[in-house]
Every structure is written in C-alpha cells, then in structure tokens.
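Trainee: Mind having a look at this structure? Questions to follow.
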Amino acid sequence: MYRAGVTLLVVAVVSLGRWDVVTMAAAIGIGWYEPEVSMAYIYQYNDTNLTIFCNTTACNSPFLASGMMISAPLKTRFLTSKVNYSNDMDNDRKNYTHQLKYMLAGAPGTYVNSSVTCWGSNGTFGAKTFLVKSMVNNTDSNTNTSIIHFVQQDELVDNPAYFRRSNHRAFMIVILTQVVFVVFIINASFIWSWTFRRHKR
C-alpha cells in the first residue's frame, strides 16, 4: 500500500507536469492551428426531440478537447465532451476528429431560439454558436421524418462572452483540466489493478 501511495503521488506530479506544458502552450497559443468546428441538428416530433451534432477537427496537435453546451432563456447546460491526447505532448502531434452527438427532449418548441455552442481546444481553441430554429414545417406530417440541417456560416451568432475574451486562460483551465483528469484516472486505475494482483499472489 505504501508503494501504491508513493506511486500515486508520482503520478499526480507527472500529471501536473503535463498540465504545465499544456497550459504554457495555451498561454502562448503557437505551434498549431485552432480546431475546425462544424455543426448540424434535427428537431423532430413537432419540435420535441432536438438532436445536435458537433464535429471538431484538429491537425498536428498534442491533444483535442471538445464539447458542446446549450443556453436557453433560463439556464445554460453543458451537454457532453470528449478528450484525446498524445502520450508525448511535446514531440508527438497527431490529427484528431471528434464527432459529438446529444439528444434533448422537451415540450414542443422548448429549445427554439436557444443558442448552441460547440468548441474544440488543442492549446488554442475554436468555437461556434448558432440559434435553434423550429422544424415543424420541415417534417413529414410533423411527426418523425426530419432532415438534418447543417449550420451555415451566415447562421452563426456571437459566441458567449467567455469565448470572446482576448485572454482565454480561465476557460482554457476548465478544458485542459479534462486532459489532466483523464491521464490521472487512467494511471491510477493501472496502479490499483497492479497492486490488487500483487496482493492476490
């Protein structure tokens, strides 16, 4: 148990080391291009079931963290996220693509005019926001057959304020914490499994 505790401490230090490297990259924002973001949605069953699609691509990057959120008149809700990273963020950069999908259900028209924001971060970040429009007239008998609507450039609206600041460090900390957390959990799970097997012998 003592060894496991020491190893966990080492893992935490290593994770914090990775945090410093990536946070520095976020602060200077150089070395790779911001992720590309594309979005689409379907509003089915008389505008009761809203399905949102968010594709994020980052090239030649140490990692990609992406997510989506929706802002209705009364509240903002974080929907989903995904993280992929290189084991050697300093030297090994890859091409990443995330395809996020999330479905929301509510009374007819609940999410009409709500704003949806999709983003991706690889040390710098890209984000896009659109307003949900009714699809009642785009369905077959207004029941269940809807056409996926791909969001066009002229449909985009301003991103929320924290995406527009010249200094995004506070927001970047939230996203990059996901990367460190995933690394820590994977390593901690491995240590626990190794310790358990050793004591079984």
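Cβ atoms here come from the backbone N, Cα and C positions, even for glycine.
Swiss-Prot feature annotations, pasted as is:
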SIGNAL    1-25  signal peptide
TOPO_DOM  26-170  topological domain 'Extracellular'
CARBOHYD  ASN46  N-linked glycosylation site
CARBOHYD  ASN49  N-linked glycosylation site
CARBOHYD  ASN55  N-linked glycosylation site
CARBOHYD  ASN84  N-linked glycosylation site
CARBOHYD  ASN95  N-linked glycosylation site
CARBOHYD  ASN113  N-linked glycosylation site
CARBOHYD  ASN122  N-linked glycosylation site
CARBOHYD  ASN137  N-linked glycosylation site
CARBOHYD  ASN144  N-linked glycosylation site
TRANSMEM  171-191  transmembrane segment
TOPO_DOM  192-201  topological domain 'Cytoplasmic'
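Thinking about packing and proximity, how do these listed features fit into the structure?
Mentor: Mean model confidence for the topological domain 'Extracellular' (26-170) is a pLDDT of 84.
Secondary structure at ASN46 (N-linked glycosylation site), taken from DSSP and collapsed to helix, strand or coil, is coil.
Counting every protein chain shown, 16 other Cβ atoms lie within 10 Å of the Cβ of ASN49 (N-linked glycosylation site).
Sequence-distant contacts of ASN55 (N-linked glycosylation site), defined as residues of its own chain at least six apart whose C-beta falls under 8 angstroms from its C-beta, comprise VAL37, SER38, MET39, THR97, HIS98, GLN99, LEU100.
Secondary structure at ASN84 (N-linked glycosylation site), taken from DSSP and collapsed to helix, strand or coil, is strand.
Shown in sequence order, THR57, ALA58, CYS59, ASN60, SER61 are the residues of the chain, 6+ apart in sequence, with a C-beta less than 8 angstroms from the C-beta of ASN95 (N-linked glycosylation site).
Taking all protein chains in view, 11 other C-beta atoms sit within 10 angstroms of the C-beta of ASN113 (N-linked glycosylation site). Under DSSP, ASN113 (N-linked glycosylation site) is assigned to coil, being neither helix nor strand in the three-state scheme.
ASN137 (N-linked glycosylation site) falls within a helix when secondary structure is assigned with DSSP.
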Trainee: Can you tell me how many other Cβ atoms are located within 10 Å of the Cβ belonging to ASN137 (N-linked glycosylation site)?
Mentor: 6
Trainee: Counting Cβ neighbours within 10 Å across all chains shown, tell me which of the glycosylation sites ASN46, ASN84, ASN122 comes out on top.
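Mentor: Of the glycosylation sites ASN46, ASN84, ASN122, the highest Cβ count within 10 Å belongs to ASN122.
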Trainee: How big is the Cα-to-Cα gap, in Å, between ASN46 (N-linked glycosylation site) and ASN113 (N-linked glycosylation site)?
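Mentor: Cα of ASN46 (N-linked glycosylation site) to Cα of ASN113 (N-linked glycosylation site) measures 15 Å after rounding.
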Trainee: Within the topological domain 'Extracellular' (26-170), how many residues are helix, strand or coil going by DSSP?
Mentor: 15 helix, 71 strand, 59 coil
